[in-house]
Amino acid sequence: MEKLFGVEMNVLAGYLAGGTIFVLAAIFLLALRNKVLLKLALRNIPRRKAQSILIVVGLMLSTTIIMSALAIGDSVSSSIRSAVLDAVGETDIRLTSPVAARFGDDYLDASLVDRVRAGVEGDVRVDGVMPLIRERLPVLHELTDKTVAGTSVVGVELGSLAGFDGLKNIDGGSADLAGLSGDGTTIINRTLAEKLDADVGDEITLVAPSGRSQYRVIDVVEGKGLAGGDEEIRSAALFSVGTLQDVLDREGQYNMIEVSVAGGLRVSEDDSDDLTEELQLLFINEEAATALFDALKAPVVVEALQARLDEGGSAGGPFSSDTLDDLVTELENDIPTDEFKVAVTNTITIAIVGGVIEGLGDPELAQSLLVPASQLVELQVVAIKNQGLAIAELVGGFIVALFSIFGSFSIIVGLLLIFLVFVMLAAARTTEMGIIRAVGTKRRHLVQMFAYEGIVYSIGAALLGTVLGLFASVALVGIMSGLVAEDDGFGFSYNVTIQSIVVAFSLGLVLTAITVAVSAYRVSKLNIVVAIRGLGQEFVQDETPGAGRRFETALKWLAGPLAYGFDTWRQRRPNRTTKSILILMALVPAGIVVFLMDMWKSRHEGRGVIPRLILFSVWMLVILQNLAATVAPDLDESVVQQAVAAAIFYWFMVFVWKMFKFVQPWLASGWPLLPFGAIVALLGFDSDHGLGFGIGNAALFTSGTTLVIIGIGLAMRQMLDRRGYREEFQKRVSMSFIGIAMLIFWGLPFDALDGLTGTLPGGPEMFLLSGVSLVAAAVWTVMYNADVIVWVVSKMIGRFGSLRPVVKMAIAYPMSARFRTGLTLAMFSLVIFTMMIFAILTNLGNAIEDDPDLVSGGFDIRSSIDLELPIDDVDAVIAGSGGKLSASDFEVISRQASLRVEARQEGADDHLFRNARIRASDDGWLLNNNFELTHWDPAYGSTPAEIWAAVSADSSLAVVNGNMIETGGFGGDGDPSEGPAFGIRGVKANEPGEITGVNITIRPPVGQSVGDSVDAKVIGVLNQFADSFEFGTTDVYMNPGILEELSDKPVPFTAYKFRLADSSRAEEITRVLETVFIEHGLTAAATVDEITENQEQNNAFNQLFQGFMGLGLLVGVASLGVVSFRAVVERRQSIGMMRALGYKGRMIQVQFLMESGIVAIFGSAIGIGLGALIGWNIFLSISAESDGLTYSIPWMNVTLIVLIAVVFSLVTTFIPARQASRIKPSEALRY
Amino acid sequence: MDNGPIISATDVMKTYRSRDVSVQALNNVSFEVMPGEMVAVMGPSGSGKTTLLNCMSGLDSIDSGDVSIAGQLLRTMTDDALSDYRASSMGFVFQAYNLLPVLSAQENVELPLVLAGNSQRVAREKAREKLELVGLGERTDHLPAELSGGQQQRVAIARALANDPAIVWADEPTGNLDSTNATEIMDLLVRLNKEQGQTFVLVTHSEDVGGMTDRIVRMSDGVVVSTTDAVNA
């Protein structure tokens, strides 16, 4: 993987490693300054070995999760990458006709090959140019009676093999490519050999439009490079190009030219991109380019383009604005430059330009663009390998994102665990720390001590976590590779990059270190007396300095280092007057040195010297930088600039922190949160709602509202306080309000407030935010009303007399350490919550299995044939199948043709034509399919059948794929008109029902034929799942009449859908169909099989995913173990006393188990409840856009999860519980 | 039975072993306590006072010899049986009070009652009664941390008395208290001993405390060196 969330992995790894080194160096330097603290800290580690180990294990889990997510991403992208490399082999650049492969007019003459050769003549970057033919044709082996309908057949020019060698046969030797020069010979790849059951020496038959011909297999090679097949079909056969030219009747012609960049398989991406660009320039029609240039140079056009640029160019997708920018810049020249030509060959850019020009409303102008645009390129040049690798990268990144989003819950839980561990460590050492403070150490020394100790744990944990993450990912990838069907030749193999390891380790370490620092800070705020006497924290007095002091501090930091430097100096030299100091500082450069020395001398005297020094350096760097710029203007300033930027950032962050400290006491009183939260929430509103300044962001709106709720709660508490209510009551009422209000707010369906706020887009962060907020709210509510629960539990269990004393203690302890219990409960709930949601989501998908017609439309078999081998009469072929098939086997046989087009919605703002595909369907399909419609125009009917009948009767009517309308809400990007794919605006997925027909304009793609565009009307929208195996996300279903209007040549039917008289024979008939229609290269699949296979893969993937999230469960369980272990140590004396009172050993053990059990069960209950709620909301959101889903809770699965969670919690608690039960009272009571 | 000793230790040996040192904590100790008696075990630090108390009350095991309480040999009792016995017939008071920090004063006293199988209502009433007996009618719903040392020790005593045990073991009950509080606590213990007729075994190194009991057993280096009747006996 090269990028993570859009950041270069190299950069990320660099920064994180830098951060890690910085953290370690800072700690090291601090430690050097005060070795006693270091000793104190480090000696704590071996004191309790078991505990230290447990801590490291607890801490390592976040790193483990990060590492395994990254390694899985690495494996996915490297596997796809190697699949890409296998498939394209030495080929880096492919040149093809700009005309889409249709009707054979995509064949190239030899003269073009010569021009390519001449173009790269003497170029050291190129080591081969190969003209070739690639087609898909049926191949059969008559001896074994096996067929492969769509074999990738490749005709190679044997004289051009240089640069494309390296094919290995399956015995490991070099492939005998030269042998192809012999008549009637072929080399097949391993996949084809296995499918045909063919071996060297066998004869295989190629079925071509001109008839059948036989070839002798002279070698079987590995499926790589020229013999690698293509993305879909891995079966390949190699021939000499002459052979294929004969068979296909293409004397002296090729359908592609491939270029190999020197350097073997993995060549420089830049080289091949540069070369692609240069080659493209060679094949640009100068006349067309000049015509285009002149057309675009018209002032009115330039103005309009500039206006579009200023708008941000978003309508064509953000990725296009760069080339558009180039284009507009290049228009300033007098003649078309190379840069201009490159810019206009970008199809998206030219589409935007087309849109802008159409927007000017001048048809003549539009035409003047369209004609040259369609003639612009003679050959389309594509950096095919780079493109494939980019896709590998994209998919890998997507997988990591997926794992990270779900994994982030576990990571949060892991971080909470770290926090918990340190809070407990601190609690255990309160007395010690109190004494350390009492003998004169400072608060920051305590922070340092904890940081030292923590960093040692963190390093150990990060190391161990990384290693364990690697193991976990090996296991997970192993499972995944088992899931990927092997028959298409895609192998899934393990891979991990150094960068990922560095990122995982550093991220783990830095996250842990930050958490440790935060907990250390919290711990350091102890009150000495309270600590030594072992009192509760409620005895701690509030030590907040007055507002004046706080404001002063904040201001000083705003003024930056000067104010502080001045301050320090005043302390050192009290006898100097202010004026003299200022003069000295201003006038004498040496004063700076003196000042620095003074600061250094005073380093032991007070806090904050180091930060002051850093801040001082900021100013010094600013001065130096300006100085350097004047003295040596050529100097590379970037290093200095970065240092300055970093220092200024530091200063700014400190200032923000000080400002926060300034307002913090007021925040606690609640009311300032109200306006602040309200502003944040309003900022999240859609710009059409609220006060109009919103930017439409769900995260902002929800966070703001949450702040408002907390503000109201806190303010409520203050009001109750003023009225003189008891503290307990104040807390209960106000905190319960916050908890319950948040529960209600976050538990609302996602679109519940859309009326108020407008539809707010939200990404995966919303999932995380809502999950964490809900769990926090629930735990919050529970903890502040714990006594109610205690009462219920003790009433329930208390009936069993002998258990009463046990229950009493099992409840008393967790309730007395509410923070700890709350944290543990939250961790547990969070984990169960995610697993629950996932279980529910998995169950939603199963709806397709219940109703396969949703996907198949009632057709049992879908098939496609070779474009070059159309079927004239299906019935005749069946009749002539020699009894293998009969007409009575089929209830319906339907046909579809597809045609790539461009389409535009009438009245679209950007006038852009976008990519779409016409699925011209015959009446067999239109009148017999059972697909469901989500939207329909009542003017044409109110049932799917009526709508389809209308489409059948009128070739200007259309139904579109369910993915082409506006989606919204959960995870949807909402706007169908962004990007290059055609979509319909104004029809919303979550508002199914009647619509008014949408007028669209359809035309052939630019460059195919010019001028004839057709108006059509969309009168229906298919259900989202319908026909989903066709991956037709831009399919427009119409009747075949449309084809005549859009294409001057007949478009053959290439897709056949069969409904069988007996559905149960689908699998069998699928195979027979492929044999009977071999002359047409028919490949078929039984829909039910496809659905089942798909579902199985989905389920397996889901389970794998659940396993991954199970790592989080491990964290939750570990937390209970840690808590129990600590408890045994902390309560030694109490346990002794209880034993003295007559508690039996077993009772102590049961008590400990019960404590964990209660947390585990309550955590599970909260997790299940909230999971079911959010699962329901997700269901509502999805089902608003697609029918046929049912909500159900997979109780088996949930029970299993909870059972595992509770049982493992008990198992982890078992050891400490037994330890506790074995404590000898006499020893425990000794002191 | 009535006439025999309630506690009797015969030739009790107890050695604490750590890796390379072994300490003879009790060396052939034999001694008896009669029902209703109040005995103080005294001696310098490390003389084996606390060990003797732990061994005789069954909190700790012995290496050899015999300890019997009310005629029952501790050696023959299982850990569970001992626990039950402690719950029903013994009460403990420690120097560090050892109240359970998460329970209020009232709940601390209720605990042994609940443990003995009393209903919540009975436990509450009895606990209140005992707390009043030790002079703590108020502040009973406070946590131990919120009480003064003297108050905590009163709660501990009330807890020790909760089940009306036959024997109350007190290990340095006044060790953590100032003299005024110490005297008050001792007065309380003596009064309880007289009024309730329970047997008290106190470990102390304070002569003042020892002086208020019926009998003083002096120990040194794990051996009982003398037994003297106290002045007020």
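For all residues, glycine too, the Cβ spot is worked out from N, Cα and C.
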Range annotated as transmembrane segment - as stated in TrEMBL, picked from A:289-311, A:496-518: A:496-518
Helix, strand and coil totals (DSSP H, G, I; E, B; other) for the domain 'ABC3 transporter permease C-terminal' (A:1108-1225): 100 helix, 0 strand, 18 coil
Distant-in-sequence neighbours of the transmembrane segment (A:1150-1175), which means Cβ under 8 A and at least six residues beyond its ends: 747, 770-771, 774-775, 778-779, 782, 789, 793, 803, 806-807, 809-811, 813-814, 821, 824-837, 839-841, 1116, 1120, 1123-1124, 1127-1128, 1191, 1193, 1198, 1202, 1205-1206, 1209-1210, 1212-1214, 1216-1217, 1220-1221
Outside the transmembrane segment (A:395-428), six or more residues from its ends: residues with CB under 8 Å to it: 1, 3-5, 55, 58-59, 61-62, 65-66, 68-70, 72-74, 76-78, 80, 450, 453-454, 511-512, 515-516, 518-520, 522-523, 526, 764, 767-768, 771-772, 817, 819-820, 823-824, 826-827, 830-831, 833-834, 838, 1105, 1108-1109, 1111-1112, 1115-1116, 1118-1119, 1122-1123, 1126, 1129-1130
Segment proximity, the transmembrane segment (A:449-476) to the transmembrane segment (A:12-32), 3 or more C-beta pairs under 8 Å: yes
Cβ-Cβ under 8 Å with the transmembrane segment (A:449-476): same-chain residues at least 6 beyond its ends: 23-24, 27, 30-31, 37-38, 40-42, 44-45, 52, 55-68, 70-72, 75, 422, 425-426, 436, 494, 496, 501, 504-506, 508-509, 512-513, 516-517, 519-520, 523-524, 1104, 1107-1108, 1111
Counts of helix, strand and coil residues, the domain 'ABC3 transporter permease C-terminal' (A:405-528), according to DSSP: 105 helix, 0 strand, 19 coil
Chain residues outside the transmembrane segment (A:666-685) and at least six past its termini with a C-beta under 8 angstroms from it: 691, 693-718, 757-758, 760
Surrounding residues of the transmembrane segment (A:691-712) on its own chain - C-beta under 8 Å, 6+ positions past either end: 670-674, 676-685, 737-738, 741-742, 745-746, 753, 757-762, 765-766, 769-770, 773
